[in-house]
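*Asks:* Attaching a single structure in structure tokens format; questions to follow.
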Amino acid sequence: MRTLPVPPSSEDAEVIGQEEAHDQEKQLDAGALFVLKSKGSWVHCGYHLTTSIVAPALLSLPYAFTFLGWAAGIFCLVIGAIVTFYSYNLLSLVLEHYAKLGHRHLRFRDMAHDILGPGWSRYFVGPSQFLVCYGAVVACTLLGGQCMKAVYLLSNPTGTMKLYEFVIIFGCLMLFLAQIPSFHSLRHINLVSVVLCLAYSVCTAAACIYIGSSSKGPHKDYSLKGNTQNRVFGVFNANAIIATTFGNGIIPEIQATIAPPVKGKMFKGLCLCYAVVTITFSSVAISGYWAFGNQAEGLILSNFLDDGKPLVPKWFIFMTNIFTILQLSAVGVVYLQPTNEVLERAFVDPTSKEFSTRNVIPRVIFRSLSVVLATTIAAMLPFFGDINSVIGAFGFIPLDFILPVVFYNLTFKPSKKSPIFLLNTTIAVVFSILGVIAAIAAVRQISLDANSYQLFANV
């Protein structure tokens, strides 16, 4: 009598998946093998997530509120938190599903290749992620230079050093950090980064409350400025800023750093991350807008000076800016990892040892060149607010708000009448429309500001 084969249990399937993943690891290219090492815990994952999301871009949130007002500003902030937490969890579930099947995706473009097809991966997802990540490196380098210049002018008001000089100094720091070999190697730096983002957020909120409560502060005006057309475009511009602030764009690469089995670890990391997000985003956005109203600037730290005179003690501004500068270097090197991965894949030999001469020389050369290029772009185009909006519209909205729900629906194929399918479809449609309009608004803002643009401007 012939016996029928017994299907494997879920535990056996996971073991089989891990064995297949081990076989897959032997065939990895140099980028995945050396940059995206899978050795971390969920805590390390939480550090990476927090550094990539809770960055100094959050200091632009009070400025976004100037286009939205109190009610709409808080509503958009809450919706941004809920939707991104939900989307990142969906993306994690899709990654866990493929890992269980023995086909672990280590990169965003690999997911897109298998789920959407090679065309989407090559011509949309890959370029969009590069725009997001390399654009974030440029923005971090620029903002680091601006913060350094603010500290310099505070201590030497008649100083003659230009912004591009400080951008170059910050670029030198990035040049050193760029040589850290792998994403997993950043875990200790990103732990310090978590402490730093909490520190400058608390300092910023405290300074805003102090200024807003004193006679030094400006008259509080929460009305929306500009004519109807400017207000409408301002709303979409503000949403692009908020999307950028919550944006990540490297969820698969972060999950790739987790040691198998990966099940449930990303969710714990996201909970750690969003605990910090809740504290920092809400405190800075609300206190900054409360203190300065519609006079809040693109970087709220700029409001701490009134015609060059500090509204809080100088040492406090020094301390806040130093915390910000140090964390910016960590954020910049995190977003440099996808670029490093591409460079390693192209120029490094996976069959040689990681620190062999054959691999170290091209690694140092090409990573250094990528940082030099980012620093040059930052020095030439010093307009952080406009860069922030463009990155949000063209990169973060598709990668973080739209693709995760599309990937989930295509992978798990829920019933078209089920609540989760309807919710995911609604999110995809709404944020697709928002992304197109925000892109138009961002480009319009650049065209309006173009007359004031100068290469290597000292702004």
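Yeah, the Cβs are placed from backbone N, Cα and C, and that goes for glycine too.
Take a look at what TrEMBL says about it:
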| type | residues | note |
| --- | --- | --- |
| DOMAIN | 39-444 | domain 'Amino acid transporter transmembrane' |
| TRANSMEM | 67-91 | transmembrane segment |
| TRANSMEM | 131-155 | transmembrane segment |
| TRANSMEM | 161-178 | transmembrane segment |
| TRANSMEM | 190-212 | transmembrane segment |
| TRANSMEM | 232-251 | transmembrane segment |
| TRANSMEM | 272-292 | transmembrane segment |
| TRANSMEM | 312-336 | transmembrane segment |
| TRANSMEM | 364-384 | transmembrane segment |
| TRANSMEM | 390-408 | transmembrane segment |
| TRANSMEM | 420-443 | transmembrane segment |
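Neighbours and distances for these, please.
*Replies:* Sequence-distant contacts of the transmembrane segment (67-91) (same chain, six or more residues past either end, CB-CB distance under 8 Å): 61, 222, 224, 231, 234-235, 237-239, 242-243, 245-248, 251-252, 266-267, 270, 274, 277-278, 281-282, 285-286, 289, 400-401, 403-405, 407-408, 424, 427, 431.
Listed as Cβ neighbours of the transmembrane segment (131-155) (distance under 8 Å, sequence separation of 6 or more from its ends, same chain) are residues 55-57, 161, 163-164, 166-171, 173-174, 247, 249-250, 299, 301-302, 305, 308, 310, 314, 317-318, 321-322, 324-325, 328-329, 331-332, 335-339, 370-371, 374-375, 377-379, 381-382, 384, 387-388, 390-391, 394-396, 399.
Non-local neighbours of the transmembrane segment (190-212) in the same chain are 44, 47-48, 50-51, 54-56, 58-59, 62, 220, 276, 279-280, 283-284, 287-288, 290-292, 300-301, 303-304, 311-312, 316-317, 319-320, 323-324, 326-327, 330-331, 334; each lies 6+ residues outside the stretch with a CB under 8 Å from one of its CB atoms.
Within its own chain, the transmembrane segment (312-336) has Cβ neighbours under 8 Å at 48, 51-52, 55-56, 59, 132-134, 136-137, 140-141, 143-144, 147-148, 150-151, 154-155, 170, 173-174, 177-178, 180, 183, 186, 189-190, 192-193, 196-197, 199-200, 203-204, 207, 210-211, 250, 301, 304-305, 367, 370-371, counting only residues six or more beyond its boundaries.
Here the transmembrane segment (364-384) has Cβ contacts under 8 Å with residues 134, 137-139, 141-143, 145-146, 163-164, 167-168, 170-171, 174-175, 178-179, 298-299, 336, 339-340, 343, 347, 449, 453, 455-457, 459 of the same chain, all six or more residues outside its ends.
Beyond its flanks by at least six residues, the transmembrane segment (420-443) meets 83, 86-87, 90, 233-234, 236-237, 239-240, 243, 386, 389-390, 392-394, 397-398, 401-402, 405-406, 408-409, 414 of its own chain at Cβ-Cβ distances under 8 Å.
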*Asks:* Counting only residues 6 or more past its boundaries, what in the same chain has a CB within less than 8 Å of a CB in the transmembrane segment (232-251)?
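*Replies:* Distant Cβ neighbours of the transmembrane segment (232-251) are 49, 52-53, 55, 57-58, 60-61, 63-68, 72-73, 76-77, 80-81, 84, 88, 91-92, 95, 108, 129, 132-133, 136, 224, 226, 277, 281, 334-335, 337-338, 385, 388-393, 395-397, 399-401, 404, 434, 437-442, 444-445.
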*Asks:* What else in the chain is close to the transmembrane segment (161-178), if you only count residues 6 or more beyond its ends and a Cβ gap under 8 Å?
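*Replies:* Counting only partners 6 or more residues beyond its ends, the transmembrane segment (161-178) has Cβ contacts under 8 Å with 137, 140-142, 144-146, 148-149, 152, 189, 325, 328-330, 332-333, 336, 340, 367-368, 370-372, 374-375, 378-380, 382, 456-459.
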